[in-house]
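A.B. asks: The structure that follows is given in the form of structure tokens.
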Amino acid sequence: MFKLFSAFRKDKVWDFNGGIHPPEMKTQSNGTPLRQVSLPQRLIIPLKQHIGAEGELCVKVGDRVLRGQPLTRGWGRMLPVHAPTSGTVTAIAPHTTAHPSGLAEMSVIIDADGEDRWIERDGWSDYQLRTREALIERIHQFGVAGLGGAGFPTGSKLRGGSDKIKTLIINAAECEPYITADDRLMQDCAAQIVDGIRILAHILQPDEVLIGIEDNKPQAISMLRAVLCDAHGISLRVIPTKYPSGGAKQLTQILTGKQVPHGGRSSDIGVLMQNVGTAYAIKRAVIDGEPLTERVVTLTGEAVSRPGNVWARLGTPVRHLLNDAGFCASAEPMVIMGGPLMGFTLPGLDVPVVKITNCLLAPSASEMGEPQEEKGCIRCSACADACPADLLPQQLYWFSKGQQHDKATAHNLADCIECGACAWVCPSNIPLVQYFRQEKAEISAIRQEEQRAAEAKARFEARQARLEREKAARAERHKKAAVQPAAKDQDAINAALARVRDKQRDAAQPIVIQSGAKPDNSEAIAAREARKAEARARKAQQQAASVETPSTDAADPRKAAVEAAIARAKARKAEQQAAPVEAPVAEPVDPRKAAVEAAIARAKARKAEQQVAPVEAPVAEPVDPRKAAVEAAIARAKARKAEQQVAPVEAPVAEPVDPRKAAVEAAIARAKARKAEQQAAPVEAPVAEPVDPRKAAVEAAIARAKARKAEQQAAQPDLASAAANDDPRKAAVAAAIARVQARKATQQAVNEE
């Protein structure tokens, strides 16, 4: 009983829901053997002829290539492409390719030299001695992809499911109408196909190998049975003709009774599927050492006079193949790449043949019928009954038309195999597959954008984390670099803090003004005197500018001013040295009397200078103003020295001096002295060059200010013991009044001058 059940299960096939039975139209092209097509003059080889990214170019314009020479390098899902013939690379540029969008893709354009020379081919007839990895790598580098229409890299497919495959299925169903490429290949090359199947079985080591073929291919079935009569482990399963039984999920269910899970792959249930054309290409790559450079293409339709199946080089323009088949182009020719249900209309006839091109259908106008107007959906559910994937096409149609991407995804739009069965049975002539393709493209674009946004966010977050780590590292370095101050540094800091506290304590103490003391306003007085001197100097300069100087033999005024300043400085130094000699023991002298006597002495000295000056006036010799200034300075120095010598010693018992009267008398004396100097100066004016009045005035003002400061210091008694009984406010008021009166006397003296 168990053997009977096993034998029954061995030949059993299952069925799938849905499906249709359209007219097959295969007899137009499957009756003639495969033939070669003449080599075109120019071939266009797109760099991307598979699912995945295009490879890296390894040729450039002007290079000479041989047939089978790699044009790109490929890793992972980047599948290399090879030169289909020998010739010269004339261009590497975008070109329209075989895609429903009609977009241009980067392509290598080769001008054939007609020699069709191969590269050196190295076949592995002893492939059983090769490792699985070496065989998979050879298949990948020789550019083998799925030739059934998907174009998935075969090497990647074998590498991904090599450890868990229990059943290897060879798809020989070829269910779509008009297409007979696999049928004719099995009739003419059955032995090579079986060799390719054995290579796959050697790589995958499955428990069983199944070949699924529809019962509408009797010649191919007989040829395969003849080759498989002595083969072990390979079973041929003939299945009923039903569209789309050639779909991967549908054929898997038919042969094994298992369904591929939603969102999964056939390898999840231990099944791997390859096309018969792919098996043939694997045999040529491994045993013959020939990369994939050509494939079988069906040329059919009522618009061609010689339909059939041909060996077409990859990159051959569609126009060249159709012309070889006797294509009769109409005013608006329509050529479909693929079958009438899953194919697409080509944007032009210069599109090249690629690895997934299995059929070129050129129907006549009567064969395709008149285009029908699209009408509204009547919800008849005919599309749902015909769907082999158990979907709801009418709901997907509404979601796709309304841009409801989330709902379309929730209704498993990704499981649609785009077989066209729903559109075939639709009574409203709605092109459902077109809506589904567009919706898939939009969802894919949205997901790519979301992925890019997620990657950008991840990069931003990684950057922020890196910046935070760097900031923390810098802070840690700064923390480690910071050291405690040394003992001497701490001592210096403590000393500075103590000085600050002392200053604050001193600043907080009240200020006590001593009775009878005058504030030291010498700097302010000097500044005022300097401003007045500058004004007088500007006035004198303006007056001197209007007078012409008849002689150039006069003395240099700058030199005279310098010498006078030096003399005054020496006199002040002598005064400072002589002042404190006998101060502690000298008898007290009335400072007013001393000031008056000093003023009288200065006046007499100036008068003597004035008397000497007129005596020499008649003489032609000019008076030296520098000498006169020096003598005057010496006289003033002697007067100050006399004043300092008679400075009060016993200030605590002396009567306080009236500062106002002393200041007035001193101002009057200075005014008279300046007047005497001005009267004596112009004796030789006609012959002497004028001294720089601004410098002289400034120096004179500074000298007077310093003399006044010395007088104030000498006149101020030491009243430290009596300061407690005097009123400081009265003393400050008296000092201010004295300053005002002195300023007034000075202004009057200037006006008199």
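Any Cβ shown, glycine's included, is placed from N, Cα and C.
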A.B. asks: Looking at 60-79, 80-99, 640-659, which stretch does Swiss-Prot describe as region 'Disordered'?
C.D. replies: 640-659
A.B. asks: Choose the correct range: of 6-25, 286-305, 606-625, which one does Swiss-Prot annotate as region 'Disordered'? Give that range.
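C.D. replies: That would be 606-625, per the region 'Disordered' entry in Swiss-Prot.
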A.B. asks: Based on Swiss-Prot, name the residue from Cys416, Cys419, Cys426 that is recorded for the same [4Fe-4S] cluster 1 site as Cys377, Cys380, Cys383.
C.D. replies: Cys426
A.B. asks: According to Swiss-Prot, Cys416, Cys419, Cys422 bind [4Fe-4S] cluster 2; so which of Cys359, Cys387 is the extra one listed there?
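C.D. replies: Site partner of Cys416, Cys419, Cys422 for [4Fe-4S] cluster 2, according to Swiss-Prot: Cys387.
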A.B. asks: According to Swiss-Prot, region 'Disordered' applies to one of these ranges: 202-246, 472-516, 517-561. Which one is it?
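C.D. replies: Feature region 'Disordered' in Swiss-Prot: residues 517-561.
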A.B. asks: Over the domain '4Fe-4S ferredoxin-type 2' (407-436), what is the model's average pLDDT?
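C.D. replies: Summing pLDDT over the domain '4Fe-4S ferredoxin-type 2' (407-436) and dividing by its length gives 93.
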A.B. asks: Quick test of the contact rule: Cβ under 8 Å, at least six residues beyond the ends. What residues does that give for the domain '4Fe-4S ferredoxin-type 1' (367-397)?
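C.D. replies: Same-chain contacts beyond the flanks: 16-20, 244, 247, 249-250, 301-302, 334, 408, 411-413, 415-417, 419, 421-432, 435-436, 439.
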A.B. asks: Name the secondary structure element type, per DSSP in three states, that contains Cys377 ([4Fe-4S] cluster 1 binding site).
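C.D. replies: SS state of Cys377 ([4Fe-4S] cluster 1 binding site) = coil.
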A.B. asks: In the structure shown, which of the binding-site residues Cys380, Cys419 has the fewest other Cβ atoms within 10 Å?
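C.D. replies: Among the binding-site residues Cys380, Cys419, the sparsest Cβ neighbourhood within 10 Å belongs to Cys380.
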A.B. asks: Least buried of the binding-site residues Cys377, Cys387, going by other Cβ atoms within 10 Å?
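C.D. replies: Lowest Cβ count within 10 Å among the binding-site residues (Cys377, Cys387) is Cys377.
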A.B. asks: CA-CA, which of the binding-site residues Cys377, Cys380, Cys426 lies nearest Cys387 ([4Fe-4S] cluster 2 binding site)?
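C.D. replies: Comparing Cα positions, the closest of these binding-site residues turns out to be Cys426.
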A.B. asks: Identify, in sequence order, the residues in the chain of Cys383 ([4Fe-4S] cluster 1 binding site) that are 6 or more apart from it along the sequence and have a CB within less than 8 Å of its CB; answer 'none' if there are none.
C.D. replies: Pro393, Gln394, Ala421, Cys422, Ala423, Val425, Cys426, Leu432
A.B. asks: Which residue counts does DSSP give the domain '4Fe-4S ferredoxin-type 2' (407-436) for helix, strand and coil?
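C.D. replies: Counting residues by DSSP class gives 17 helix, 0 strand, 13 coil.
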A.B. asks: Just the number: how many Å between the Cα atoms of Cys377 ([4Fe-4S] cluster 1 binding site) and Cys416 ([4Fe-4S] cluster 2 binding site)?
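C.D. replies: Between the Cα atoms of Cys377 ([4Fe-4S] cluster 1 binding site) and Cys416 ([4Fe-4S] cluster 2 binding site), the distance comes to 19 Å.
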